[in-house]
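Notes for the one structure printed next.
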There are 2 protein chains.
Amino acid sequence: MPAPSPAVPERVRIALEERSYDILIGPGLLAHAPSWEGLPTAAAAVIVSNATVAPLYAAKLRSALAGRYRTVHEVVLPDGEDHKDWPTLNRVFDALLAHGCDRKTVLFALGGGVVGDMAGFAAACYMRGVPFVQVPTTLLAQVDSSVGGKTAINHPQGKNMIGAFYQPARVVCDLDTLATLPPRELSAGLAEVIKYGPIYDMAFFAWIEANIDALMRRDTAALAHAVRRSCEIKAEVVGQDEREAGLRAILNFGHTFGHAIEAGLGFGEWLHGEAVGCGMVMALQLSRRLGLVGEDFVRRVTALVQRAGLPTVGPALGADRYLELMRVDKKAEAGEIRFVVIEQPGRAAVRGAPDDVVRQVLADCTR
Amino acid sequence: MPAPSPAVPERVRIALEERSYDILIGPGLLAHAPSWEGLPTAAAAVIVSNATVAPLYAAKLRSALAGRYRTVHEVVLPDGEDHKDWPTLNRVFDALLAHGCDRKTVLFALGGGVVGDMAGFAAACYMRGVPFVQVPTTLLAQVDSSVGGKTAINHPQGKNMIGAFYQPARVVCDLDTLATLPPRELSAGLAEVIKYGPIYDMAFFAWIEANIDALMRRDTAALAHAVRRSCEIKAEVVGQDEREAGLRAILNFGHTFGHAIEAGLGFGEWLHGEAVGCGMVMALQLSRRLGLVGEDFVRRVTALVQRAGLPTVGPALGADRYLELMRVDKKAEAGEIRFVVIEQPGRAAVRGAPDDVVRQVLADCTR
């Protein structure tokens with residue numbers, strides 16, 4: 001496990017031709033001048049953050065950016081998934097227009113996945129596209145949502161239904177920001193870290209099993225490795241399939257069931273990562289019932305999900321409601337739900353499944 | 001002047017690598033089966049149109065598509081620029097979700113520039129992008145807005161402020177639909193045809209001068225040539241600069257002043273093309289005052305704008321208001337207004353201009 005140095009952050013490259021960019025990972029990066037060198041120049045920068053994160057880190061980011069941009073504005077959104085909607089997004093546009101921001105203006109998304117998704121989508125749409133930088137302050141955003149260019153807002157009838165593929169100019173993961181993360185959110189982030197094991201890299205999965213206690217107590221070196229390896233895997237997958245024509249869909253392991261949980265309970269009730277943690281257990285049970293993996297493997301992953309402080313049993317929404325919610329998933333095709341299943345430990349695929357098998361899984365995994 | 005054949009439509013290619021597509025131009029294309037061959041396959045198609053155009057052409061398009069798509073839905077929006085906003089756009093998303101549309105669903109934009117901009121932006125955002133086809137039914141949309149992938153909605157503080165560069169899979173220009181166009185809208189479309197002369201092709205400009213009467217009486221052969229040559233020029237420009245990093249901005253000739261007129265009077269008061277017609281005269285007067293072109297040339301273009309039935313004098317909003325409105329134009333940079341000027345007949349450039357020169361132009365050209 002390499003020890004991260006504050007002077008030389010770890011660097012993962014997302015290779016997407018002219019849309020390529022770096023992910024910087026390390027402690028102390030917010031105040032570290034080289035983190036911001038080489039970004040697009042402009043008269044103004046705009047920090048988009050939320051009411052929880054802005055008081056903690058906006059001043060630090062603002063002073064780091066002051067040397068590069070003549071003016072640095074701030075837009076502070078309400079915190080939480082239930083504000084990931086059009087009226088809240090429009091507050092970003094209102095602010096950009098009120099400040100006379102032109103199409104060179106650089107947006108900085110300072111916060112978790114919701115802030116990243118909204119600031120990214122705002123950047124994708126404002127004047128048909130301005131540059132933006134992801135500055136994720138949650139583990140979930142650092143290992144998953146800030147990387148790969150998926151941006152979106154929710155529609156009352158479905159999560160992330162309105163959005164764009166729009167790549168950031170850079171991602172800066174300051175590990176120090178994880179110190180202020182509530183324990184539930186740390187666990188939620190670990191769900192997306194664990195995800196990379198069954199779908200892509202069982203050696204990494206074994207490393208997580210061996211280091212889960214260090215991760216839970218926020219050991220910086222352990223976090224640095226978890227974030228770096230997660231970003232590397234995501235970079236490899238996204239580099240091959242930027243717009244989710246195929247391979248990239250495996251990153252949605254646990255998300256089909258997970259989105260149904262989030263939508264069924266009302267967004268914000270469970271954290272996204274909590275729903276994904278439980279959704280992975282459900283997707284594994286489905287894989288087992290489809291004859292793809294054995295019970296031992298399901299137990300092994302379930303145990304790690306549990307040790308990460310995540311739920312492994314879903315809410316009793318009723319199978320009909322689960323099926324209805326999953327049919328509006330973006331992976332669905334012509335009304336058929338598409339699940340990410342594990343074909344063998346370390347390899348995933350996307351496929352349909354008979355409704356009665358899905359009902360058995362739901363009967364097993366909800367209470 | 002080549003005579004168009006209904007059996008073999010004219011074809012202009014927009015070359016943008018994997019986003020390349022054809023523009024088909026000719027009479028009778030809506031009901032002509034080959035117009036729709038080779039489009040992406042899907043379970044469902046959705047026709048997005050407005051309350052004026054849908055009663056005229058939606059049934060014809062629907063039956064043409066019925067052979068290719070199992071279900072063909074229809075979303076009918078209110079007509080007009082003042083509905084090019086988020087609540088109206090959201091009606092498209094509501095319908096797509098209510099019909100369970102997946103991310104292979106193909107959208108068909110049947111109507112003028114507003115429908116094309118909205119359906120295109122809806123396609124860009126729905127599930128982060130579904131395919132769409134432009135079926136422009138106005139001259140303005142056929143020669144300009146349906147080609148090149150600019151999509152957007154308006155913000156109360158600025159036109160086309162929220163949008164995306166998102167290319168259609170095809171553009172089908174059925175010249176027969178121009179028969180039902182109100183005279184004002186025909187003139188508005190001619191503004192964008194005339195535009196291509198001063199910025200790019202003075203031989204085409206001379207052809208328009210010689211054929212303006214035929215165009216005004218909607219001669220099919222004249223319209224076919226005007227649409228084809230306009231699309232060819234737009235294809236050449238967009239092919240070199242898809243995202244308007246440079247050259248493409250010349251297509252906004254007349255639009256900086258024009259947008260100010262539209263916004264100052266309230267969107268919908270003047271048609272977009274009317275504002276552009278008048279805006280071109282203003283931009284030419286500016287070019288003259290900057291010493292770039294002579295008075296004869298300004299008079300020549302102004303005469304053609306007039307013969308096309310377009311206004312050549314702007315509303316008296318006051319110079320301060322014009323300047324304020326132009327400062328939020330998307331071409332503005334760090335608060336400086338950027339104008340498309342004519343450097344010499346057939347060649348345009350983008351540059352700033354001293355406020356006092358702009359004020360003189362406004363004094364000359366408004367009443």
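Backbone N, Cα and C atoms are what each Cβ position is placed from, and that goes for glycine too.
Note that TrEMBL annotation is computational and uncurated.
Of the residues proposed, B:His225, B:His272, the one TrEMBL records at the same Zn(2+) site as B:Glu192, B:His255 is B:His272.
For B:Gly113 (NAD(+) binding site), the nearest of the binding-site residues by C-alpha distance turns out to be B:His272; the candidates were B:Glu192, B:His255, B:His272. Take the CB of B:Thr138 (NAD(+) binding site) and look out to 10 A: across all protein chains shown you find 28 other CB atoms. The shortest Cα-Cα distance from B:Asp79 (NAD(+) binding site) to any of the binding-site residues (B:Glu192, B:His255, B:His272) is found for B:His272.
Each of the binding-site residues B:Thr177, B:Thr180 was scored by the number of other CB atoms within 10 Å of its CB, and the largest score is that of B:Thr177.
Distances between the Cα of B:Asp82 (NAD(+) binding site) and those of the binding-site residues B:Glu192, B:His255, B:His272 are shortest for B:His272. Other Cβ atoms within 10 Å of the Cβ of B:His272 (Zn(2+) binding site) number 28 in total over all chains.
Counting in whole angstrom, B:Gly116 (NAD(+) binding site) lies 16 from B:Glu192 (Zn(2+) binding site) by their C-alpha atoms.
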